[in-house]
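The structure appears right after this line, and notes come after that.
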């Protein structure tokens, strides 16, 4: 059945919905679209890629309402997830089954359990969103995450906390699905403006989350008869934030997967699920499992009468009517893509370099506090307040950069060069960090300079480079992976795979970082350079790998690259000769 009203209620034209991709995906199985039809639709993909910056082409308007809903989803989840960090060490220390000398180890265990669980299921959530739609997956993840936060507030032992964090990681795959929705509601002409704001939301969540967790837990919180659950309050607030997010998503988020738009409303599909379950339990032959027979004929008796033929036809019609009486729950995908088309060279390189980026980013975030607090000469003897101030400065600078400068920078360099440059900047930050000076001149053994003022200048510069590189890598990757997908029907799977690799990096990075820094304490001189040097080298390998990402369709509309333009013109000439 068609959907005559969807085109007017959602967007003026469904074709612009696919402008992100090199060719409009077919609506039905069969031969791929011809060059003529491909060229005539939207003036062909060549115009989208070869349009110069100075042209009069105006990009599609941003879907502000849907962008706002996705921002609410991201900010709510980041606020809730980041609220745990401020009180987690204190919470673990108050568990009766934790040795005071092993608090750091068990804090890492609790934090890593969440990332490891996400590693196990993020790909599944992305794949599932390609099958049943984006909205059901987001609603499911939000509801189950809220329940997990309530449960975490009631934890009184270490293993209870670990189990709840594992469950929270298993049910939380919304970050990849949100990126998928963002790629589907935008096209090549406006995607850059939309994707710029996603890391900004993550940055805001990195501020609001610690505020919630830090302010709602008292400094002397401990388990007692007067206060049996001292960590319940911040978790209830986080759960309440997610419930508000759930309501906003349920009411205002529109389904962005085209195949799922043909299905009945979500509430009717849930009711249909119970109907199917009832039939499965109460009938030996549920109607939705019956296959109507085609050209079915009973053998003639000797007298030539086709007995029971009319009855069979009635049964067949009844079965068919029963089949159609129950609405569909899962969309039918009309595009068949091979594994080599989905996981092409560019996609594999993007995934590999993204894993390296996430591993390096989380490792630096773990190394910097250890390096800052450690005593000289291995560390720089910074107080927690100093470290917090420096990280707040980097976060604020990142938001300003993302809103004011990144878009212009990306327009000049393009997605690929921006991704490559930010990866190089990340490697540079690793190499420079162990060479900053010391507060006191008596510890000045190998730093660039000595003195508190110089220390802050050098640290401020390095943290700024690292933070800008991280946000640039993330934004560029989201744009590149969106444009590398051959069709929207697999975009959820690709983003799920990307988030799986991200979880892998976040799970193993802190352990390797801490172990290498501890190993460096036995190295003379400059033992602190061991860990930073190893991860700097890994990041540099990722930088070299980015040179292999060469797809012609990875840039946004309006990007004018001389080499790409020449290739497009040649392909257009070949198409003209072929026609």
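Here the Cβ of each residue, glycine as well, is placed from N, Cα and C on the backbone.
What TrEMBL lists as compositional bias 'Acidic residues' is 306-318 (among others).
Here TrEMBL flags 557-579 (among others) as compositional bias 'Acidic residues'.
Annotated domain 'Major facilitator superfamily (MFS) profile' per TrEMBL: 66-554, in sequence order.
Annotated region 'Disordered' per TrEMBL: 1-60 (among others), in sequence order.
Look at TrEMBL and you will find 300-331 (among others) tagged as region 'Disordered'.
What TrEMBL records for 555-579 (among others) is region 'Disordered'.
Counting only same-chain residues 6+ beyond the ends of the transmembrane segment (105-125), those with a CB under 8 A from a CB of the stretch are 88-89, 92, 95, 98, 137, 141, 158, 161-162, 165-174, 176-177, 493, 496-497, 499-500, 502-504, 506-507, 510-511, 514. What TrEMBL records for 105-125 (among others) is transmembrane segment.
Annotation comment: TrEMBL describes 137-154 (among others) as transmembrane segment.
Taken from TrEMBL, the feature transmembrane segment applies to 194-216 (among others).
Residues 65-66, 69-70, 72-73, 76-77, 79-80, 83, 135, 138-139, 142-143, 145-147, 149-150, 153, 181, 212, 216 of the same chain lie 6+ residues outside the transmembrane segment (236-253) yet bring a C-beta within less than 8 angstroms of a C-beta in it. The transmembrane segment annotation in TrEMBL covers 236-253 (among others).
Per TrEMBL, transmembrane segment is recorded for 387-405 (among others).
Taken from TrEMBL, the feature transmembrane segment applies to 417-436 (among others).
Taken from TrEMBL, the feature transmembrane segment covers 456-482 (among others).
Marked as transmembrane segment by TrEMBL: 503-523 (among others).
For the transmembrane segment (529-549), the list of distant contacts is 345-346, 349-350, 352-353, 356-357, 359-360, 363-364, 367, 371, 416, 419-420, 423-424, 426-428, 430-431, 433-435, 480, 513, 516-517, 519-520, 523: same-chain residues at least six beyond its ends, Cβ to Cβ under 8 Å. The annotation transmembrane segment is assigned in TrEMBL to 529-549 (among others).
Long-range contacts of the transmembrane segment (137-154) within the same chain: residues 73, 76-77, 80, 84, 125, 128-129, 160-161, 164-165, 167-168, 171-174, 177-178, 181, 229, 231-236, 238-239, 242-243, 245-246, 249-250, 253, 266, 492, each at least 6 residues beyond the stretch ends and with a Cβ under 8 Å from a Cβ of the stretch. Tertiary proximity for the transmembrane segment (194-216) is limited to same-chain residues at least six positions away from its ends with a CB under 8 Å from its CB atoms, namely 62, 67, 71, 74-75, 77-87, 178-179, 182, 185-186, 233-234, 237-238, 241, 392, 395, 398-399, 402-403, 406-407, 471, 474-475, 478-479, 482.
Within the model, the domain 'Major facilitator superfamily (MFS) profile' (66-554) carries an average pLDDT of 80.
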